[in-house]
């Protein structure tokens, strides 16, 4: 799911930059941009809904960034639905609002990118929580959690892969 989110973030960023950089587009390109924007907005709405479901309504909306994220997603989705379903030939202000919302979506993309880039810090914090009573061996590219049983006997957790490698000894 994270890989798909990252891919959609990159695609959405390219669509936003492409849409903002070309003021005059053919009708087919405009419809394709609107449809892809709507699909990406629906994906992010489902993502926010799943996060709310997993962490609980009150817990999720305690943080101001989560409130802003959910607000941007809902507003962008509503504008995308209106933009794709109504003929905008007579409406002059709605495309301007759509560009403002695309800028807000850029802010959301930057926020998600920041969360993804903090993976290293999350790994470090989770390893420290798991290895509370253990010594860390950090030499030669290894980061192992070791427990000293005696001066000459040490114990180590089993090497792991997947999500457990984030806080256990990873197999590389």
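One is the number of the first residue shown, and numbering goes on along the chain from there.
Glycine residues also receive a Cβ, built from the backbone N, Cα and C atoms like all the rest.
Here the structure is a predicted model, which means the values were calculated and not measured.
Range with TrEMBL annotation transmembrane segment, chosen from 66-86, 87-107, is 66-86. On the 0 to 100 pLDDT scale, the model's mean across the domain 'Ion transport' (6-118) is 74.
Remote same-chain residues near the transmembrane segment (32-54) are listed as 4-5, 8, 11-12, 15, 18-19, 25, 60-61, 66, 69-70, 73-74, 76-77, 80-81, 83-84, 108 (criterion: CB distance under 8 Å, separation of at least six residues from the stretch ends).
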